[in-house]
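J.: This is the structure I want to talk about, given as structure tokens.
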Amino acid sequence: MTTTNHTGVSHTVFRLLGIPGLEDQHMWISIPFFISYVIALLGNSLLIFIILTKRSLHEPMYLFLCMLAGADIVLSACTVPQALAIFWFHAGEISLDCCITQVFFYSSTFISESGILLVMAFDRYIAICYPLRYGSILTHALIGRMSITIFLRSYGTIFPIIFLLKRLTFCQNNIIPHTFCEHIGLAKYACNDIQVNICYGLFVIVSTVVLDVLLIFISYVLILHAVFHIPSQDARHKALNTCGSHVCIIILFYGPGIFTSLIQRFGRHIPPHIHILLANVCILVPPMLNPIIYGIKTKQIRDQVVEVLFTKQK
């Protein structure tokens, strides 16, 4: 390992600063963070409970939604509590092992969500293009295999990052200007050459998230082609309406991430705290709004929520 011009001491403890430049506002910033976190936990937990306990919702679309809600809870839980600890208690100290663990769960859960959105697009494609064969194609056995594939892909692609980070010697600064640990954000503090980390990180993004976006786009091209060949206007409207919630969630999930990537590449003059706030938006907003969107736009879920929350009060 190359440690030229350094002491050779590898840091095993790092300090997360939160949002540099806005330290005086941390207490105020924590309020939307906390509210979003609570809504995400309660909303997604309620969604999972309703889908699992109501037999009428044991259909592929709702089972995939249940998986998405579970991933949302994990994504929020592995990042937001750390940010709140920094804002409230200035508890930004984190060990290298905990930092790498956070990188693993954050990254793998993000890729899992992308995979779930892809299979939800496939579900809508089958429902609209092959409605009479929907039940025979999307069997519980196929859903199970798809679920296993999603999680094996996410954990399998991120697992090597653990070893790519563990091999590094962190003899530079151990102060991380962020609310949570990221792969390259951590690797750049190493004294070693991190070109392998950069290349592998790019490979992971292209082979998972970018590929998922491409396949989702193709699915919706085929869906729109089928919809606009339906003779009845009411049937076209109903078919498009069944995709509305999924399209909103796709925009919420990929939109902030794409915007953040563009800002990081072309917005060199933008202050660092804007980059960090945008990174947190990618984590906070989708888990908070996903159950709300499906609760509002999906009648079956809306009716079950009303029944669960208000039946006992009658």
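Each position is counted from 1, following the chain as shown.
Keep in mind that glycine also has a Cβ here, set from the backbone N, Cα and C atoms.
In case it helps, TrEMBL gives these features for our protein:
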TRANSMEM  27-50  transmembrane segment
DOMAIN    43-294  domain 'G-protein coupled receptors family 1 profile'
TRANSMEM  62-91  transmembrane segment
TRANSMEM  103-122  transmembrane segment
TRANSMEM  142-165  transmembrane segment
TRANSMEM  202-227  transmembrane segment
TRANSMEM  239-262  transmembrane segment
TRANSMEM  274-294  transmembrane segment
J.: Who are the long-range neighbours of the transmembrane segment (274-294) in its own chain, taking Cβ under 8 Å and residues 6 or more past its ends?
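T.: Those are 19-20, 32-33, 36-37, 39-40, 43-44, 46-47, 65, 68-69, 72-73, 75-76, 79-80, 83, 106, 113, 177-179, 182, 245, 248-249, 252-253, 256-257, 259-260, 263-264, 267, 301, in sequence order.
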J.: Are there residues at least six beyond either end of the transmembrane segment (142-165) with Cβ under 8 Å to its Cβ atoms? List them, or say none.
T.: 60, 63-64, 67, 100, 103-104, 107-109, 111-112, 115-116, 119, 183, 186-187, 196-197, 200-201, 204, 207-208
J.: Please work out the mean pLDDT for the residues of the domain 'G-protein coupled receptors family 1 profile' (43-294).
T.: 91
J.: Counting only pairs 6 or more apart in sequence, are there at least 3 Cβ pairs under 8 Å between the transmembrane segment (239-262) and the transmembrane segment (103-122)?
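T.: Contact criterion met.
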J.: Do any residues, 6 or more residues outside the transmembrane segment (62-91), come within under 8 Å Cβ-to-Cβ of it, and if so which ones?
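T.: Hits for the transmembrane segment (62-91): 16-18, 26-27, 29-30, 33-34, 36-37, 40-41, 44-45, 47-48, 51-52, 102, 105-106, 109-110, 112-113, 116-117, 119-120, 123, 143, 147, 150, 179-180, 249, 280, 283-284, 286-287, 290-291, 294, 300-301.
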J.: With a Cβ cut-off under 8 Å, give me the same-chain residues at least six positions beyond the ends of the transmembrane segment (103-122) that come close to it.
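T.: 61, 64-65, 67-68, 71-72, 74-75, 78-79, 146, 149-151, 153-155, 157-159, 161-162, 165, 180-183, 186, 204, 208-209, 212-213, 215-216, 219-220, 246, 249-250, 253, 283, 286.
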